[in-house]
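Peer 1: These came from Swiss-Prot, pasted as-is:
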type	residues	note
BINDING	101, 102, 103, 211, 212, 247, 430, 431, 432, 433, 434, 464	substrate binding site
BINDING	172	Mg(2+) binding site
ACT_SITE	210	active site, proton acceptor
């Protein structure tokens, strides 16, 4: 076998040079809040010899500076989920960032072409492919605009609005679509496809749900930290300044995969009746007897009533209140001062303290209360999300708590809780269409909600599915009118408003780049072509006259 000869001294010198470059990179202000648990040497060893500069990293830099400015000014980058190139081209005129929703991709753009609700069960490359779809459109419209402007005089350019089509894209990475290696590969896909940032949530991958569905199963705190570390490590290997958004679904979570992390112990539910027995064993025994359906559900309901399901601190407080103790309030305070949502007290430590205060071993068993699938019962909430947000902060650029309602007071509680420990932490907020906005607040409060959240530190806010909903509304409205009044529906409710509002897609040939392509044809054919798309006979000449006929 013929091996390639290599200069060992040069190889070592190149390695040391790269290590020095990485250390210098990490010393930049961009990384002042970022914690890494690996070394520059580790990253240099994982890189190949061919250096590839990804343009998405420039977009990451742009996004970071954008959010830095918003943070300083207490303002907000607010956006919504884009479905296609039409969306991003129109959004670019008014909004300074773009969101790509996994929910929307699941229903409209899976690479399997099979629609689905938001369960993240689509192929792993689905959202990265949508990012690339939109990123290529951004690049194309940017090229098209540049040529059009540079064909103008300076005076004409001065009077022609400039559109920044290259708005940074933040995309949905769900739970990472698997373990650590899957997350590393998924991150690489996003970097290659044009994402400036991605978000990842602390749900278990096999049971992932939309943030506004029931039955969410969390992973332990450290497991999600490992995911965030994997994202940063992958980005470091590929030389990217990718932003990472850590989402927690703990506010409404009801299950967790494991009790391994002591930071989760406060929120894990157990049985307080030693006579209740093991639920999973009871259910398995019933199924072995041929019991299913409503009867099986009844058995679970009866067990739940009997088990006395509680959090451990609730069991301790109930014992103190019901027992023969002097100065009960002082005992409760002594316990809750050391055992609370943000204390990170392990269950072992909490039990020891409870026995010191009550003289009893209070029965509490979280194993017998496990769900049939083996998951532990969990009672999240805002303070749980604060605990997780604080834990994730050193490894993420932004923190996002998924919530059930657009509740300003809850958003403030979360922001205040996180910032009490990490004062300069950036926050993100989902202005979800799953909320009933008109029921939640009056119109005047809706108008100021984004700004009010911005004052709390929510520098990036987004309506996940506005692209889906606005498209559905527009098409439903047009299809309805078209079915009744034919071409009048198009002429009067689509085309004429496009003309009056200056929506450039009315000249869809030009919008799609026909002039730009004609320029390419002329360039490679010596300046003359008889096959120009926008030559004599093009029907868009009709739009030089914009007055509608009545």
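The backbone N, Cα and C atoms fix where each Cβ goes, and this holds for glycine too.
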Peer 1: Roughly how many Å separate the Cα of residue 103 (substrate binding site) from that of the residue listed as 'Mg(2+) binding site', to the nearest whole number?
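Peer 2: One finds 9 Å between the Cα atoms of these residues.
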Peer 1: Count the Cβ atoms, other than its own, that fall within 10 Å of the Cβ of residue 434 (substrate binding site), considering every protein chain shown.
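Peer 2: If we count other Cβ atoms within 10 Å of residue 434 (substrate binding site), we arrive at 15.
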Peer 1: Which one of these binding-site residues, 101, 430, has the sparsest Cβ neighbourhood, judged by other Cβ atoms within 10 angstroms?
Peer 2: 430
Peer 1: Can you check which residues sit near residue 172 (Mg(2+) binding site), meaning Cβ under 8 Å from its Cβ, same chain, 6 or more apart in sequence, and list them in order?
Peer 2: 100, 101, 102, 103, 105, 127, 198, 199
